[in-house]
């Protein structure tokens, strides 16, 4: 009887304690469900996100401050300019690797395209006059017409026939196209018949509901078939490379993997920060409300959900940010001389001033990535560079296999942006024997040797803007987690509890 009485008293005590806890929770106005599902360590995503990034001399804290205070506000303003908001892309290409009809049927997957006539400056022929110039056009008969009237030439004694036949022009164009293709890290489809202009401001990157086997196959193919992997690989069935195994890979292969992983991380951060929270309306008139989803962020990056890799993936975001920022610094003198033509003189001048202002900030960064330490070692290094480039080209082609048009748009743009950065960093045509010793920039005269296509410039700045915004969004998630931790907790997190 005494034992039964003791058990009854213990049960009554537990009931009273639980009722007391519930009354207190309701009295302070907090939701009890929040505390029942709260992780034991909600700061785990950020606990390891500090200190050195590895493979460079920079650290996370330096980038956080530099980006959030100096770079992010300038970039957000810049990419809203007409020159950068319109991107020409072919979203109708079929997947070259597998048959796939798993198109996203959700309305948020669809893209709103715009006619080429609606693009500022298009009616003045800026595509041809300002963006597609090639060295070949300088030697046509039409281009030499003005020379024949120069009074300071003796045309009989010093005559030099600088015209080139149409057949020769065609052959030279083929040679140049071949040479350029060898240096490119991406395929370009803006000249395709099916290419259309997209207003990026009307089609923002955010969570559309595209997920499942089709979406998973994209990244599985990228990681398992097109990324360098350690040999032997103890986790061959795991799509990612474990950070502990990266040390078994050479610097060039580590850089490749971390760049791709950082791009993937950036995309995931955007999906978490602009998550479809709920829909408003009904039927075809529905509209969505997007905002940060902390639970989704933790699911993707918490160590307990990612085999301990989540914080390392976040570090890779900072790493690819450094890569693309270094490319902008290296090509700075070239970018500062571009016209950024849209046909609106006031807008174009504002864009040029914004470019100068942003680049001056980027030049001031103290710890740029040092690409000169890569691909040194003769024929083996040259072979590795070719392999490096081919792997990334395949990844850019895999983006045509994405079943959601909006996801495909931003995947192709960010892949092309990273590919353009890699071309600037590692293409021989973008190397100079006499770079600026203080800033590592290319000399201004380099502009005559190589130029970027308009789509490359648009993709480069927009891709860097995406990375910048991802890092800025991490601060938002930090604040949300900090706020969550400051609330009182009444249920203990015992080891092994569920």
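Each Cβ is built from the backbone N, Cα and C atoms, and glycine gets one as well.
Positions annotated as disulfide bond by TrEMBL: 104-109 (among others). Cβ neighbours within 10 Å of residue 109 (disulfide bond), excluding its own Cβ and spanning all shown chains: 18.
According to TrEMBL, the feature disulfide bond maps to 147-186 (among others). Remark: residue 186 (disulfide bond) has 392, 393, 396, 415, 416, 419, 420 as non-local neighbours, by Cβ distance under 8 Å and separation of at least 6 in sequence. Annotation note: residue 186 (disulfide bond) sits in a coil segment as assigned by DSSP.
If you draw a 10 Å sphere around the CB of residue 219 (FAD binding site), it holds 16 other CB atoms from the protein chains shown. The FAD binding site feature in TrEMBL is assigned to 206, 208, 219, 261, 264, 300.
What TrEMBL lists as disulfide bond is 404-407 (among others). All protein chains included, residue 404 (disulfide bond) registers 24 other Cβ atoms within 10 Å of its own Cβ.
Annotation note: residue 404 (disulfide bond) sits in a coil segment as assigned by DSSP. Residues or ranges marked as active site, nucleophile by TrEMBL: 404.
For 407, the entry in TrEMBL reads active site.
Nearest Cα neighbour of residue 264 (FAD binding site) among the listed disulfide-bonded residues (109, 404, 407): 407.
Packing around residue 206 (FAD binding site) is summarised by its Cβ count: 19 other Cβ atoms lie within 10 angstroms of its Cβ, all protein chains included. In the three-state DSSP assignment, the secondary structure recorded for residue 261 (FAD binding site) is helix. DSSP assigns residue 219 (FAD binding site) to a helical segment in the three-state reduction. Sorting the binding-site residues 208, 261 by the number of other Cβ atoms within 10 Å puts 261 first. For residue 206 (FAD binding site) paired with residue 109 (disulfide bond), the C-alpha to C-alpha distance reads 10 Å.
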